[in-house]
Amino acid sequence: MPQCALLLSLLGLLALSSACYIQNCPRGGKRALPETGIRQCMSCGPRDRGRCFGPNICCGEALGCLMGSPETARCAGENYLLTPCQAGGRPCGSEGGRCAVSGLCCNSESCAVDSDCLGETESLEPGDSSADSSPTELLLRLLHMSSRGQSEY
């Protein structure tokens, strides 16, 4: 009789210990597959043409990067979503940033000029100025040339 009670107690303890508790259940239950994909960050800016890079940063090719403006208010909601997101292109900078627009590297807190993010603008030589270059591209080329000149000395 005591052996039967001991066996039932062990089985009961085993059943309780393998339960899925509220605080550690994956979405869809114990047998759900883990989420492997990282979603794209929320859209922001005028006519939703940008992506959130942080709670106060919105960047897009057509608009550049907006920081702390009313257009970035929507990005604050990104902190309340449970799934992680990733905005931008390739990794850049020393603080875990990603290329936001041509020549700019942004993380969740700030943006900085980065020559790794120049993309197609980098392939143009400084003497090859064409008539269809936008003012932004010209400014980025000048910034790149000035930072390159400072690092050589």
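The backbone N, Cα and C atoms fix where each Cβ goes, glycine too.
Residues annotated as disulfide bond in Swiss-Prot: Cys20-Cys25 (among others).
Neighbour list (Cys85 (disulfide bond), Cβ cut-off 8 Å, at least 6 residues apart, same chain): Ile38, Arg39, Gln40, Cys41, Met42, Cys52, Glu78. The disulfide bond annotation in Swiss-Prot covers Cys41-Cys85 (among others) and rests on similarity to another entry.
Annotation comment: Swiss-Prot describes Cys44-Cys58 (among others) as disulfide bond. Sequence-distant contacts (6 or more apart, same chain, Cβ under 8 Å) of Cys44 (disulfide bond) comprise Gly50, Arg51, Cys52, Cys58, Leu66, Glu71, Thr72, Arg74, Cys75.
DSSP assigns Cys52 (disulfide bond) to a strand. Positions annotated as disulfide bond by Swiss-Prot, on the basis of similarity to another entry: Cys52-Cys75 (among others).
Here Swiss-Prot flags Cys59-Cys65 (among others) as disulfide bond, drawing on similarity to another entry. Taken residue by residue with DSSP, Cys59 (disulfide bond) is part of a strand. Residues near Cys59 (disulfide bond) in space but far in sequence (CB under 8 A, at least 6 apart, same chain), listed by position: Gly50, Arg51, Phe53, Cys65, Leu66, Ala87, Gly88, Ala100, Val101, Leu104, Cys106, Cys111.
Cβ neighbour count for Cys92 (disulfide bond): 21 (other Cβ atoms within 10 Å of its Cβ, all protein chains included). The disulfide bond annotation in Swiss-Prot covers Cys92-Cys105 (among others), and the record cites similarity to another entry as its basis.
Same-chain residues at least 6 positions away in sequence with a Cβ under 8 Å from that of Cys117 (disulfide bond) are, in sequence order, Gly89, Arg90, Cys92, Cys99, Ala100, Val101, Ser102, Gly103, Leu104, Cys105. Under the heading disulfide bond, Swiss-Prot lists Cys99-Cys117 (among others), citing similarity to another entry as support.
Annotated disulfide bond per Swiss-Prot: Cys106-Cys111 (among others), in sequence order. Following the DSSP three-state reduction, the secondary structure of Cys106 (disulfide bond) is strand.
Per Swiss-Prot, the feature glycine amide maps to Gly28.
Swiss-Prot lists 1-19 with the feature signal peptide.
All protein chains included, Cys99 (disulfide bond) registers 22 other Cβ atoms within 10 Å of its own Cβ.
Counting other Cβ atoms within 10 Å of each Cβ, the lowest count among the disulfide-bonded residues Cys52, Cys58, Cys106 belongs to Cys52. Cβ contacts within 10 Å of Cys105 (disulfide bond), excluding its own Cβ and spanning all protein chains shown: 27.
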